Amino acid sequence: MEFLSGYFLWVKAFHVIAVISWMAALFYLPRLFVYHAENAHKKEFVGVVQIQEKKLYSFIASPAMGFTLITGILMLLIAPEMFKSGGWLHAKLALVVLLLIYHFYCKKCMRELEKDPTGKNARFYRVFNEIPTILMILIVILVVVKPF
């Protein structure tokens with residue numbers, strides 16, 4: 001990947017853009033789940049929220065996740081020495097795996113809400129909504145501070 005080494009900062013910039021888009025979607029999607037659960041008895045409202053959930057997941061969250069992964073892997077291929085820069089990168093990658101699990105669990109929640117909107121209450125989704133925020137904070141600290 002030496003031929004791409006001159007483009008590392010461009011790849012990094014697009015990685016940051018993709019991460020911001022992915023995180024925005026992961027912050028908002030569970031909020032839609034809250035509205036869905038709170039208004040399960042309002043079929044018209046639920047219909048609109050379901051469309052929003054599907055579009056957000058399919059057209060924003062998933063492509064942003066894919067682009068985040070592609071640019072992240074590309075950065076590691078361009079600069080494999082980053083693996084030797086300390087444990088912070090390994091910890092960050094572990095947290096990214098947790099974000100991926102969260103992302104796909106959101107799809108599971110969408111399916112569950114579609115089948116039974118009363119399965120989990122709005123409080124569950126409010127707490128669930130905090131997980132990507134915590135992961136993002138930890139990832140940013142690891143990337144910027146590189147504490148180990």
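Using N, Cα and C of the backbone, Cβ positions are placed for all residues, glycine too.
Annotation comment: Swiss-Prot describes 7-27 (among others) as transmembrane segment.
Spatially close to His15 (heme binding site) yet at least six residues away along the chain are Thr68, Thr71, Gly72, Met75, judged by Cβ distances under 8 angstroms. Residues annotated as heme binding site in Swiss-Prot: His15, Lys92.
Swiss-Prot lists 59-79 (among others) with the feature transmembrane segment.
The transmembrane segment annotation in Swiss-Prot covers 86-106 (among others).
The transmembrane segment annotation in Swiss-Prot covers 128-148 (among others), and the record cites sequence analysis as its basis.
Long-range Cβ contacts of Lys92 (heme binding site) within its own chain (separation 6+, distance under 8 Å): Ile139, Leu142, Val143. Counting only same-chain residues 6+ beyond the ends of the transmembrane segment (86-106), those with a CB under 8 A from a CB of the stretch are 22, 26, 29-30, 33, 57, 61-62, 65, 72, 131-132, 135, 138-139, 142-143, 145-148.
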